[in-house]
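Q: Just lifted these from TrEMBL, have a look:
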- B:1-50: region 'Disordered' (REGION)
- B:12-21: compositional bias 'Basic and acidic residues' (COMPBIAS)
- B:24-43: compositional bias 'Polar residues' (COMPBIAS)
- B:80-106: region 'Disordered' (REGION)
- B:147-275: domain 'TFIID subunit TAF5 NTD2' (DOMAIN)
- B:321-370: region 'Disordered' (REGION)
- B:321-333: compositional bias 'Acidic residues' (COMPBIAS)
- B:345-356: compositional bias 'Basic and acidic residues' (COMPBIAS)
- B:404-445: repeat 'WD' (REPEAT)
- B:477-512: repeat 'WD' (REPEAT)
- B:519-550: repeat 'WD' (REPEAT)
- B:561-602: repeat 'WD' (REPEAT)
- B:603-636: repeat 'WD' (REPEAT)
- B:645-677: repeat 'WD' (REPEAT)
Amino acid sequence: MASPKTVPKDAQVMMQILKDMGITEYEPRVINQMLEFTYRYITTIIEDAKIYSTHAKKSTVDADDIRLAIQCRVDQSFISPPPRDFLLDIARQKNQTPLPLIKPYTGPRLPPDRYCLTAPNYRLKSLQKKVSSSAGRITVPRLSVGAVSSRPSTPTLGTPSVQTVGTKVGTPVSLTGQRFTVQIPSSQAASVKSGHEYCLKSHGNLFGKMCTNPAATPTTPTVQNVLINPSLIGSKNILITTNMVSQNSSGDSTSLKRKHEDEDDYDAL
Amino acid sequence: MAAVQDGPMELDTEKETKPEILSDGTSKLSGNAASGTLSSSPLTAGGAPKQEDQQTLIAVLQFLRRNKLSESVEILRREAGLEDQEDSQTLDGSGGGKGDRDGGEANSLLSRVSITSAAAPQIILSTSVTNEQLDVSVVLSAYSQQGDPSLYQVYYSGLKNFIESVLDCHRAELSQLFYPLFVHMYLELVYNNHENEAKAFFEKFGGDQECYYQDDLRVLCGLTKKEHLKGNEVLLDFRTSRFVLRISRDSYQLLKRHLQERHNNQIWNIIQEHLYIDIFDGMPRSKSQIDSMSGSFAGEARREVNKVKVFHGLLKEPEIEVPLDDEEDEAENEEGKPKKKKTKKDSMGSKSKKQDPNAPQQNRIPLPELKDSDKLDKIMYMKESTKRIRLGPENLPSICFYSFLNAYQGLTAVDFTDDSSLLAGGFADSTVRIWSVTPKKLRKVKSAGELNLIDKESDDVLERIMDEKTASESKILCGHSGPVYSVSFSPDRNYLLSSSEDGTVRLWSLQTFTCLVGYKGHNYPVWDTHFSPFGYYFVSGGHDRVARLWATDHYQPLRIFAGHLADVTCTRFHPNSNYVATGSTDRTIRLWDVLNGNCVRIFTGHKGPVHSLAFSPNGKFLASGSTDGRVLLWDIGHGLMIGELKGHTDTIYALKFSRDGEILASGSMDNTVRLWDSTKAFDDVETDDFTAATGHIHLPDNSQELLLGTYHSKSTPVTHLHFTRRNLLLAAGGYSSQ
């Protein structure tokens, strides 16, 4: 501790206060902290009091203003626990209800999910569009808005049922849904594939995500090259993409998990 | 003097309903003061001129009485009495019921100067409706009565002289009065804005008080203005709750006679209003007995509080079949095994088929049923307890100390699991760290995708669900936003609770090492939390002066235990999970019933905040440690203090009984662990017969005999103690280099 003659008067006063309150052992930084706190508190109170006195159109700040300032600050910053009679009251109410019976065999006993912290606190938005070389074709990946169409490998496409796709294209959501039901059947795969119209929102919300297109086989792409969905024409621009070739590899795990997120994230048209 | 004697009689009858606004002294001084209070009371504005007339009348009466002109007194009184009644009736009209009492007072107590009758309405409010009104201002108005401020010193020293002149046997008991009277008189002076008199009063008599009150007095001397009182919750509680004193009937009679003989009954007023004198018939207590029980904020506990029946027995252990394939003991004794195991189980479990009269019913509170894993745990427990070392004065336990290095004084809480396999530490940087004490590492459970792939029918499925990639010696749990003040493992080792300065209690899973739930209820720092010995319930206590009982599947508390006058610093469950003990900064320990939330025991005697509690394994006794360095032992059934263990020189933060209750270990900030002989401490008591009526035991000063050993650590205060199932003592603390 600095020798008394070099210690400023305020610090000496603070040391005396600590001594009076019976505190004998403390780190030297405590004095600085206390002084800082005192300074901050007093300036806040005086500033508030100045505001109140100007509001009351007084020329000087007087004791009433200070008193009011203190009262307001106390309610804000130094909140003390509720008074005892209030606590006794609520305790009486709470203790009247009997203890709830415990249901047997319910696994981990936790409150309803709303009150737990067990929900995932993240949501995935962007998904990589993967390009595979299995097709051996030149794929022109296009940016597009749309849901992931991850799909396991199903090589064949039977009849490209374009027309069915056409009807479904208008509703992206259903498209999505459709995609995910596609696991194996090729016809659906085809529809999925063909249904790759993508819309671009005109107002600049571009490229909500990249999409992968679980393509079918190389054989099919010729079918769906260009599709213009009349329903999409409107105020929006349309970007049509073609022949997505897909990978299958990463499709599996993502398809299992991403269902809900994709529906959410699919930017509505 | 007949006139004077009338007063006290009516006092007695009216004391429950009316306040005593008696005060002596000259009218002039108090008149000024009264006018100060008058301005605040709307009722009295109209009555001011009448008051002055009344005062002169009364002054004349006093003069006549002093000169023993009793006939004149009667005449004047009769005539003045009429006037007074009229006054009171007018007040009646204006103030409703308040004036009525005022008039009644004036009539019956004419011999006294009721100077502040103007302030009476406020007083009546306070005493009659303290229960209903929750307003702080009403509580504060409890001090609106006043005598002449300059005479307070006279009253106090008068009482002091009287008590010193009394017989020795009564003196100790009556000296209990000093402290509460001093505080209340001081607060009265402060409340009524007599700052200088208050300071003078404090200086003159503050030093006389007992040493264990000095800390409180230091806080008190900092309060010199009425505004200071407003924010101080502790003082408000002190004033609304009545300070309890236990005085024998003889001493009480002496006191009463003395106070009623004198004119200045300010002291009597205070006694009536703020003190509760619990009178008992019997021998007056000695100074040492009184000292041992006093020290708390609200005096001692009333006798009827501690008379409620407490079921302190243990619940019956469930019958469990111990498996036969135990290769460790008597492998060759094939046919004898089942029988032997059964008898072993019986001897360890309940003693007999009969219900222990002190034990609660099995279904008194709902408890979770035993799962298969719990049954396996119990079997392990029984196996371990066969290998338990029996401790005693000749057979002290070995102590293994876990020092937390590089904690930089940030270690604030430690807990061990019951089987001593995991150790958790709560830190001031708001993290909780878990270590594995055994060589087995900590692993997380695999993610959902991987769990699908494992073979569920395999024998070692419990190992397969663990992800080897996450194996590590320790895990860090982040989530709190303030220092973690307490950690508690669940008995089945699945969950960990932690309570923190941010006001929440968090439940962590020890399978995934993530946070599951945050229980919000206390909005202030939570100082302690403890899981029930059967799991599912837990209790937490904090700065808001209540303890709450929670269940893991309810997001709101099930019970609120309110009653302490200051923060609840320590909470523990009784081994039968039906009672919760809480220790508090108000130096008392309360025992609460989980079933209905009632306080069934109040134990006073500590001279500092209580920081640690431990129940004995048989459930009958409670040990408590506090900042005054003493460990006190309590008998729960009778509600009495039965032992005092002196030796530590600093706060005791850790207390634990050995597994069979023979040894009590205490750890404190003075870097020592001390072992005490608890069988001897409890045996001595059981042979004595309690004086059931008074409940006062003479405590033998045998701390030295009971101390079995003191073990110093280099410079590590002891934060936690734990006896393993085989009675090895584990201690934990954070190494601090200064």
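Don't overthink the numbers, they just go from 1 along the chain as shown.
Using N, Cα and C of the backbone, Cβ positions are placed for all residues, glycine too.
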Q: For the repeat 'WD' (B:519-550), give me same-chain residues lying six or more residues beyond its boundaries with a C-beta closer than 8 angstroms to one of its C-beta atoms, as numbers and ranges.
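A: Hits for the repeat 'WD' (B:519-550): 233, 367-368, 482, 485-492, 495, 497-507, 556-562, 564-573, 575, 577, 580, 582, 584, 592, 594.
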Q: Rank B:404-445, B:603-636, B:645-677 by Cβ pairs under 8 Å to the repeat 'WD' (B:477-512) and hand me the top one.
A: B:404-445
Q: Flag the pair the repeat 'WD' (B:603-636) / the repeat 'WD' (B:404-445) as in contact if three or more Cβ pairs fall under 8 Å (sequence separation 6 or more).
A: no
Q: So if I exclude everything within five residues of the ends of the repeat 'WD' (B:404-445), which remaining residues of that chain have a CB under 8 angstroms from its CBs? That is, six or more out.
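A: Tertiary neighbours of the repeat 'WD' (B:404-445) are 377, 380-381, 384, 451, 465-468, 470-489, 491, 493, 496, 498, 500, 502, 508, 510-513, 719-720, 722, 724-725, 730, 732-736.
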Q: Which numbers of helix, strand and coil residues does DSSP report for the repeat 'WD' (B:404-445)?
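A: DSSP composition of the repeat 'WD' (B:404-445): 0 helix, 23 strand, 19 coil.
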Q: Summarise the model's confidence over the repeat 'WD' (B:561-602) as a mean pLDDT value.
A: 94
Q: Take the repeat 'WD' (B:561-602) and count its residues per DSSP category (helix H/G/I, strand E/B, coil), listing them in that order.
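A: Output for the repeat 'WD' (B:561-602) reads 0 helix, 24 strand, 18 coil.
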Q: DSSP-wise, what's the residue breakdown of the repeat 'WD' (B:519-550) into helix, strand and coil?
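A: DSSP classes over the repeat 'WD' (B:519-550) add up to 0 helix, 19 strand, 13 coil.
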Q: Going by DSSP assignments with H, G and I as helix and E and B as strand, what are the residue counts for the repeat 'WD' (B:645-677)?
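A: So the repeat 'WD' (B:645-677) is made up of 0 helix, 20 strand, 13 coil.
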